[in-house]
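According to TrEMBL, the protein carries these features:
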DOMAIN    A:8-108  domain 'FAD-binding FR-type'
BINDING   A:Cys246, A:Cys251, A:Cys254, A:Cys262  [2Fe-2S] cluster binding site
Amino acid sequence: MCQSKNIYLPNLATIEAIVDETPDVRTLRLVFQDDQVRENFSFRAGQFAEYSAFGAGESTFCIASAPTRKGYIECCFRSVGRVTESLRRLEVGDSIGVRGPYGNSFPIEQFYGKSLVFIAGGIALPPLRTVIWNCLDLRDKFKDITIVYGARSEADLVYKRELAEWQERDDVRLVKCVDPGGNGPDFDGKVGFVPNVLEEAAPSSENAVALVCGPPIMIKFTLPVLERLGFADDQIYTTLENRMKCGVGKCGRCNVGNVYVCKDGPVFTAGEVKAMSQEF
Amino acid sequence: MPQIITEENLRNLIDLLVKESKVVVGPKETGSVVLYQPLTAGSDLRLDSLPRRSAKELFFPICENILTYQRQDGKMQVTDVDRSHFPETVLIGAPPCDAASPAILDAVFSWDYNDEFYLERRRKSTIVGIACTKGDDACFCTAVGLARDTEAGSDLFLTPLKDGSYGCKAVTEKGKALVDAHAALFGEAASVDAALFVEQGTEKLDLAKIKNWLEGHFEDPLWEKIADICVGCGSCAFICPACHCFDINDEGSTEQGSRRKHWDACGFSKFTNHASGHNPRDVQNKRYRNRIMHKFKYYDDKFGKTLCTGCGRCVRACPVGIDIAEILSTINAKQD
Ligand SMILES: Cc1cc2nc3c(=O)[nH]c(=O)nc-3n(C[C@H](O)[C@H](O)[C@H](O)COP(=O)(O)OP(=O)(O)OC[C@H]3O[C@@H](n4cnc5c(N)ncnc54)[C@H](O)[C@@H]3O)c2cc1C
Ligand code: SF4
Ligand code: SF4
Ligand code: FES
């Protein structure tokens, strides 16, 4: 059967490892089954893929591992519905479908020589974790690296082992926080909401960029804080996570005005997002 | 000399094409309605009424498999759909409002990533368009820039003549090939006196002006006023020749089944619903606004085309009487 490429056809990958981050968030380490795909697959931090649980369908997640780590990819997802719950039923050794990488990415080369401020809330750490590890793997290309990460409660913090690793490093400043009431007696981070904790940590905006990912409400309250810290709109990056299906600009689902988030995004500067001033 | 084909020979052409194992699709009476359906013989063709649904499903089926999967000996296998078996298809008797739509949709399906399901069908199809002789209250093709005799989108274009035969014009190589392969059925006409067109009397719309207004009026009381009664049934999108939104879902078990691409509509309340529960288009008038914006602004911004051919189907079908032509003329009449 000689025919042109079916853009909806996923590559098969094997689940090599499973880590439960929280009661409902899970990380999968995936290895492509086809040798050629495994060798040739490349992506940039910020890109996403469509992952399928056969029989349930496809879901959109960012690629959470760093492009600097070869041979596998990781995704990290919260179980919320049909596909994610089916993905959750899979075990080590099972097959899942992956198509991608899709979308644009964080322009990491443009960040060389600058300080980086990562700000994430809840399950939104994965889209930044790929950038964080990418940049840590190229550590000498950047100045200060600050990570402000918060969740509702201690139990909701994802990648706890990596948070511990970042906390240990003296070339990273990690500020970890949970909402008031979400802390246990031994919590070693801050208690408070991400925007407030960020304001208190006061990273310098000089020659710096801020990367923000989180629920809309967190982003809404974080942007004014960044502004007060001196960050201009084009120094702030975020990702829009509109509902997606095709991932390739056909199904008409993800648009914000004439912007297709799956093709033109998901990474945008705060300036670009403001210019849209429309539903998302 | 211009070429013609008699009514009888047009039907003979259909018979011949069917014999050649081509799939011939045209307006056909099916139950109580006329629909685009496979024709088994020339006598099936009905040219006196616009089919209830558009012809887009020829290229973009309501539902189709895009892959199958099966677990064998514990290993998952994914199989592509064999698109080389998509049949050679001749669409016959599409008026300009329907013949124009595939040419408009080509843009989105070939933008950057090629949707070969759509494109392969397009490659294998020949469109025989026909000049319209009869508009109705809901038609407004002339208002959106088409005309009763717009050839764009057709490979071969027929014009009904006063004597009952059809003037023929090969618009593309595909159309010429169709005529050349059946030359005996086509004759030369001494004069081509086109049949009269019953004009709908719709005013011409200034699409650039409408787009301009939409640009500045994302938030406008108009949206609530006109669209709060929309019930989100999706009828308007499903019968539209230009709407192209779709969903992808699996059917089957975790062991074996198929993945299917099927029509969807931005009028449905869950279309943009996020898993978090957040919905950017949380109320119906925002969804209807997106319908208008997509057709008359976003698609034009992106591909330089209007995503509406003025066929009027959505006007006829809307259960609550929302009239897109009326909305457009309201916007057209606005001063600011
Ligand atoms: C670019 C991008 C990157 C993303 N990255 C990530 C990521 O890294 N990690 C991540 O976790 N998510 C990510 N998301 C979000 C993710 O795509 C969705 O969470 C996921 O697709 C949900 O899929 P689902 O099929 O499980 O949910 P669906 O089944 O589609 O469920 C959607 C909603 O419907 C509800 N629902 C489902 N079934 C029922 C039912 N039977 N009755 C009532 N309600 C029901 C659910 O509760 C949920 O609110 C990303 C999204 C985008 C666009
Ligand atoms: S929007 Fe309505 S009038 Fe325009 S092409 Fe679609 S169905 Fe026809
Ligand atoms: S047909 Fe009418 S009611 Fe149904 S979705 Fe379209 S505009 Fe709304
Ligand atoms: S996800 Fe289909 S168009 Fe963006």
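For all residues, glycine too, the Cβ spot is worked out from N, Cα and C.
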Where A:Cys254 ([2Fe-2S] cluster binding site) sits in the secondary structure, as DSSP reduces it to three classes: coil
Proximity to chain B among binding-site residues A:Cys246, A:Cys251, A:Cys262, where any Cβ pair is under 8 Å: A:Cys246, A:Cys251
Per-state residue totals over the domain 'FAD-binding FR-type' (A:8-108) - DSSP helix, strand, coil: 15 helix, 46 strand, 40 coil
Extra residues within 8 Å (Cβ to Cβ centroid of A:Cys246, A:Cys251, A:Cys254, A:Cys262), [2Fe-2S] cluster: A:Met244, A:Lys245, A:Gly247, A:Val248, A:Gly249, A:Lys250, A:Gly252, A:Arg253, A:Tyr260, A:Val261, A:Lys263
Tertiary neighbours of A:Cys262 ([2Fe-2S] cluster binding site) (same chain, Cβ under 8 Å, six or more apart): A:Tyr102, A:Gly103, A:Asn242, A:Met244, A:Cys246, A:Gly247, A:Val248, A:Gly249, A:Cys254
Coarse DSSP state, helix versus strand versus coil, of A:Cys262 ([2Fe-2S] cluster binding site): helix
A:Cys254 ([2Fe-2S] cluster binding site), number of other Cβ atoms within 10 Å: 27
